[in-house]
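Below is one structure, written out as structure tokens; the observations come after it.
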Amino acid sequence: MSAIRPAAVVVLAAGEGTRMKSATPKVLHELCGRSLVGHVLAAAGELDPENLVAVVGHAREKVTAHLAEVAPDVRTAVQEQQNGTGHAVRMGLEAMGGAVDGVVVVVCGDTPLLTGETLKALAATHTADGNAVTVLTAEVPDATGYGRIVRDGASGAVTAIVEHKDASESQRAIREINSGVFAFDGQLLADALGKVRTDNSQGEEYLTDVLGILREAGHRVGASVAGDHREIAGINNRVQLAEARRILNDRLLTGAMLAGVTVVDPATTWVDVTVTFEQDVVVHPGTQLHGTTHLAEGCEVGPNTRLTDTRVEAGARVDNTVANGAHVGPQASVGPYAYLRPGTRLGLKSKIGTFVEAKNSSIGEGTKVPHLSYMGDATVGDFTNIGAASVFVNYDGQDKHHTTIGSHCRTGSDNMFVAPVTVGDGAYTAAGSVITKDVPPGSLAVARGQQRNIEGWVARKRPGSAAAKAAEAVSREADGED
């Protein structure tokens with residue numbers, strides 16, 4: 001079937017979602033790096049509709065602000081009172097000036113597993129079959145609680161959607177269910193919505209009543225069956241949110257593995273929809289990949305690693321690390337137990353080792369920061385080694401300052417670099433130094449007090465202590481040797 005461009009997609013996002021038991025509107029809850037409604041908008045966007053409208057109601061200021069951020073082209077319609085799905089769609093049409101010529105697709109804002117391909121198939125089936133309305137359905141293993149799709153035995157047309165509580169025994173045996181997603185003829189939809197009544201137990205305008213109105217008027221009501229029944233699942237509570245996260249995560253990891261990524265343990269690996277991979281990446285157990293993280297060809301990440309908005313280049317290794325907004329260069333080595341904060345850039349074959357934290361710093365090719373160090377607001381050249389337990393003192397209590405260390409430098413253990421300060425190319429610094437002044441290229445900087453040994457201090461100040469007795473024993477042994 002050829003692609004059909006709908007005249008409009010209406011996303012229903014006005015509900016409160018009380019079963020989520022949250023101050024956050026239901027459609028704004030996060031799932032694999034995107035809000036529930038964000039997933040729906042992404043799927044709807046694949047249809048390239050002429051108009052994209054979201055109907056908001058509960059906490060509409062928050063929802064509208066979020067929509068403007070994630071889908072700038074979306075138009076919002078306000079449902080002041082939640083008077084049912086039919087009323088919500090009517091508000092959506094009014095936001096577009098009333099009746100719309102062409103196909104109108106209606107989707108729920110809490111169905112994040114719905115794909116663009118399924119919506120395309122719905123629109124194509126609707127047009128090809130000449131339906132007034134086409135409902136997206138699915139065959140499920142257990143239809144308990146769902147509205148059943150009743151079809152005409154001869155034509156296959158949908159004759160009714162029967163809610164579970166109203167279904168007969170034979171109807172309850174039906175496993176084809178209503179998803180709440182529809183494609184309508186825009187003009188017929190507008191006309192039928194004007195005839196929807198509120199004489200029901202909820203006193204609301206039901207969108208499903210439109211199907212009966214159109215059928216009674218002699219129009220055809222059809223169906224398009226989703227290939228995977230899990231796509232139509234709505235999210236109403238945290239349990240369903242967790243299940244949807246598992247399903248979507250599995251979908252994302254399966255796609256990555258089929259594209260040449262090794263995921264050692266998919267059950268403990270979690271990714272966002274915005275994460276990208278190249279071939280021959282290896283992801284170890286306990287890894288979380290978020291935001292715009294990108295893993296380049298042949299790199300290896302994990303175990304127990306969390307990367308957010310971080311790029312790892314080809315052949316790099318990142319182990320037991322937390323990184324946010326960092327860039328790990330080709331064949332670089334990070335971890336274990338490293339923390340890379342925003343603005344950190346690591347060069348070719350560089351190393352950030354065990355218990356090292358780096359922030360807004362760059363290190364050049366072959367440079368190593370192997371152990372127990374903090375590097376903040378610094379630039380380090382190529383092939384330099386930073387000694388263990390070094391601290392780049394960047395903050396004076398009011399402002400941040402920059403440290404520059406050149407190429408081919410060797411800095412001693414337990415150094416402090418008090419910014420702003422520069423260490424020139426090829427310079428050395430002695431262990432235990434506090435570097436407060438610039439070090440010229442090729443120099444050795446020693447900035448520490450001289451050692452002074454006070455003989456007999458322990459015996460005088462700590463008489464009778466274990467230390468004093470140990471020292472006395474050594475002294476007696478020495479006297480005996482004499």
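Here, residue 1 is simply the first one shown, and the rest follow in order.
Positions of Cβ are set from backbone N, Cα and C atoms, glycine also.
Since this is a predicted model, take the numbers as computed values, not measurements.
Among the features that Swiss-Prot reports, region 'Pyrophosphorylase' is placed at 1-238. Each residue in the region 'Pyrophosphorylase' (1-238) has a pLDDT score, and their mean in this model is 94.
When secondary structure is read from DSSP and collapsed to three states, Gly84 (UDP-N-acetyl-alpha-D-glucosamine binding site) falls in the coil class. Within the same chain, the residues at least 6 positions away from Gly84 (UDP-N-acetyl-alpha-D-glucosamine binding site) whose Cβ sits under 8 Å from its Cβ are Thr198, Gln202, Glu204, Glu205, Tyr206, Leu207, listed in sequence order. Per Swiss-Prot, UDP-N-acetyl-alpha-D-glucosamine binding site is recorded for 12-15, Lys26, Gln79, 84-85, Gly147, Glu163, Asn178, Asn236, Arg341, Lys359, Tyr374, Asn385.
In this structure, Asp110 (Mg(2+) binding site) belongs to neither helix nor strand by DSSP; it is coil. Summarising the annotation, Swiss-Prot assigns Mg(2+) binding site to Asp110, Asn236 and lists sequence analysis as the type of evidence.
Feature annotation from Swiss-Prot assigns region 'Linker' to 239-259.
The annotation region 'N-acetyltransferase' is assigned in Swiss-Prot to 260-482 on the grounds of sequence analysis.
The DSSP secondary structure for His371 (active site, proton acceptor) is strand. The Cβ of His371 (active site, proton acceptor) has Gly353, Thr354, Phe355, Val356, Ala388, Ala389 as same-chain neighbours under 8 Å, each 6 or more residues away in sequence. The annotation active site, proton acceptor is assigned in Swiss-Prot to His371 on the grounds of sequence analysis.
Neighbour count (other Cβ atoms within 10 Å of the Cβ, all protein chains): 22 for Asn394 (acetyl-CoA binding site). Positions annotated as acetyl-CoA binding site by Swiss-Prot: Ala388, Asn394, Tyr395, Ser413, Ala431, Arg448.
Within the same chain, no residue sitting at least 6 positions outside the region 'Disordered' (460-482) brings its C-beta atom closer than 8 Å to a C-beta of that stretch. The region 'Disordered' annotation in Swiss-Prot covers 460-482.
Residues annotated as compositional bias 'Low complexity' in Swiss-Prot: 464-473.
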Do you know which of the binding-site residues Tyr374, Tyr395 has the most other C-beta atoms within 10 angstroms of its C-beta?
Tyr374
Acetyl-CoA site span - longest C-alpha distance across Ala388, Asn394, Tyr395, Ser413, Ala431, Arg448, in Å:
22
Sorry to bug you, but what's the C-alpha spacing from Asn394 (acetyl-CoA binding site) to Tyr374 (UDP-N-acetyl-alpha-D-glucosamine binding site), rounded to the closest Å?
10
Which whole-number value in Å describes the distance between the Cα atoms of Ala431 (acetyl-CoA binding site) and Arg341 (UDP-N-acetyl-alpha-D-glucosamine binding site)?
27
Which three-state DSSP class does Leu12 (UDP-N-acetyl-alpha-D-glucosamine binding site) fall into?
strand
